[in-house]
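Colleague: Grabbed the feature section from Swiss-Prot, which reads as follows:
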- 1-22: signal peptide (SIGNAL)
- Asn81: N-linked glycosylation site (CARBOHYD)
- Asn132: N-linked glycosylation site (CARBOHYD)
- Ser204: active site (ACT_SITE)
- Asn307: N-linked glycosylation site (CARBOHYD)
- Asn346: N-linked glycosylation site (CARBOHYD)
- Asp388: active site (ACT_SITE)
- His448: active site (ACT_SITE)
Amino acid sequence: MVGAMWKVIVSLVLLMPGPCDGLFRSLYRSVSMPPKGDSGQPLFLTPYIEAGKIQKGRELSLVGPFPGLNMKSYAGFLTVNKTYNSNLFFWFFPAQIQPEDAPVVLWLQGGPGGSSMFGLFVEHGPYVVTSNMTLRDRDFPWTTTLSMLYIDNPVGTGFSFTDDTHGYAVNEDDVARDLYSALIQFFQIFPEYKNNDFYVTGESYAGKYVPAIAHLIHSLNPVREVKINLNGIAIGDGYSDPESIIGGYAEFLYQIGLLDEKQKKYFQKQCHECIEHIRKQNWFEAFEILDKLLDGDLTSDPSYFQNVTGCSNYYNFLRCTEPEDQLYYVKFLSLPEVRQAIHVGNQTFNDGTIVEKYLREDTVQSVKPWLTEIMNNYKVLIYNGQLDIIVAAALTERSLMGMDWKGSQEYKKAEKKVWKIFKSDSEVAGYIRQAGDFHQVIIRGGGHILPYDQPLRAFDMINRFIYGKGWDPYVG
């Protein structure tokens, strides 16, 4: 099936011509009210499901015509809590190649409060927004071989919204509950995909969301009539276990030359105090310390990191500021014709400030028990960009070494292997460490926003993992 076509698919794709807020939210911005024009009305699909008018709802969710939007896709809102009128926005792209068989991949952005429209337009969706607000095709879109489902999560993120403060998530249980409701509805609207392999993926703060929803699916599948065909998860530069990551910051920043000896000692002292609060479950006190070190959200002053490094960007240690083109999508989403095409009307596009407020105490809590359960039962990919600071590869490995799961001993003994895409490549794509169905990947030349920095390597990685193609280089 897919296997027989794989070398052809890879060859075709690879030969295509080449082209402050919250712990991880400085990349995400709110969209001002749209300019004058017809933005249409928001499309709520839950009433169509409940009325048995699924085909009608599906037809209405088809994304309308817009210059550059040349790939079939579907978008709309799914109501996940009627009491508070809480709704999650999704945008779904069936795979360009064999969509009837292709795995369905849920993508969740970090933040907390980062819109998955960032992943769509900046990282691996089919389109890239240009400076003049037009679209061009991405060179290595994940939608080539995978059916990609982008959801603005949690409620209050991006176009997702609620009418009541009680509708905001305060922990990962809330996040998972709402996502699960949305997924069940999604597969009711698109039943032809319910038996396809399903993967949950995401990056950064979604290192919490991904295990949370995967664990809930794992728990409910045995007792629910409607099952989600979960096959595995993939987490990029994931903030799954804050204590392990925070404990390694000072030494890592010193080793890459961003702190001197004196600054390292101060950073280490603050991180130690933060960890002490975490162990005592003083969540807000731990958040305060971390905020002063890295973000400065709670005060009007720059963070300690910003003061001593002179940089606002901790996503790639070769860059001091975020690339300008990572924000083009924000303005694009304010255009009335775009809003009409994706069925959001005049709904506010939120920057996640409120989401972060309600998840503040969640920020420093770990999802390691859930992640361990998933690692014991499913395929798992944990990947890092070599140039990331905030969730550096060394800090992820620090966390993995402290985990106890069925493959932990095999993982600790596993040899790190060089990974190249093609045998003839002079450049090394990255490094692989594998234990059974667990894969750890470090990609060279990439930072926190990995598919943006290294689109081809990210594309090859996700396809090798999901399609089980191994890590040997292709001949050619």
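For all residues, glycine too, the Cβ spot is worked out from N, Cα and C.
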Colleague: Would you please pick out, from the recorded positions Asn81, Asn132, Ser204, Asn346, the one with the fewest other Cβ atoms within 10 Å of its Cβ?
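Modeller: If we count Cβ atoms within 10 Å for the recorded positions Asn81, Asn132, Ser204, Asn346, the smallest count is at Asn132.
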Colleague: Hey, what's the Cβ neighbour count for His448 (active site) at 10 Å?
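Modeller: There are 26 such Cβ atoms around His448 (active site).
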Colleague: Let's check the environment of Asp388 (active site): how many other CB atoms sit within 10 Å of its CB?
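Modeller: There are 28 of them.
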Colleague: Which of the recorded positions listed here (Asn81, Asn307, His448) have a Cα atom within 10 Å of the Cα of Ser204 (active site)?
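Modeller: Candidates kept after distance check: His448.
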Colleague: Between His448 (active site) and Asn307 (N-linked glycosylation site), what C-alpha distance do you get in Å?
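Modeller: About 21 Å separate the Cα atoms of these two residues.
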Colleague: Measure from the CA atom of Asn307 (N-linked glycosylation site) to the CA atom of Asn132 (N-linked glycosylation site) and give the result in Å, rounded to a whole number.
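Modeller: Cα to Cα, Asn132 (N-linked glycosylation site) and Asn307 (N-linked glycosylation site) are separated by 34 Å.
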Colleague: Which of these glycosylation sites is closest to Asp388 (active site) if you go by CA atoms: Asn81, Asn307, Asn346?
Modeller: Asn307
Colleague: Any idea what DSSP makes of Asn81 (N-linked glycosylation site), helix, strand or coil?
Modeller: strand
Colleague: Which number gives the other C-beta atoms within 10 angstroms of the C-beta of Asn307 (N-linked glycosylation site), all protein chains shown included?
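Modeller: Cβ-Cβ neighbours of Asn307 (N-linked glycosylation site) within 10 Å number 11.
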Colleague: To the nearest Å, how far is the Cα of Asn81 (N-linked glycosylation site) from the Cα of Asn307 (N-linked glycosylation site)?
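Modeller: Here the two Cα atoms are 43 Å apart.
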Colleague: Between Asn307 (N-linked glycosylation site) and Asn346 (N-linked glycosylation site), what is the CA-CA distance rounded to a whole number of Å?
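Modeller: Cα of Asn307 (N-linked glycosylation site) to Cα of Asn346 (N-linked glycosylation site) measures 39 Å after rounding.
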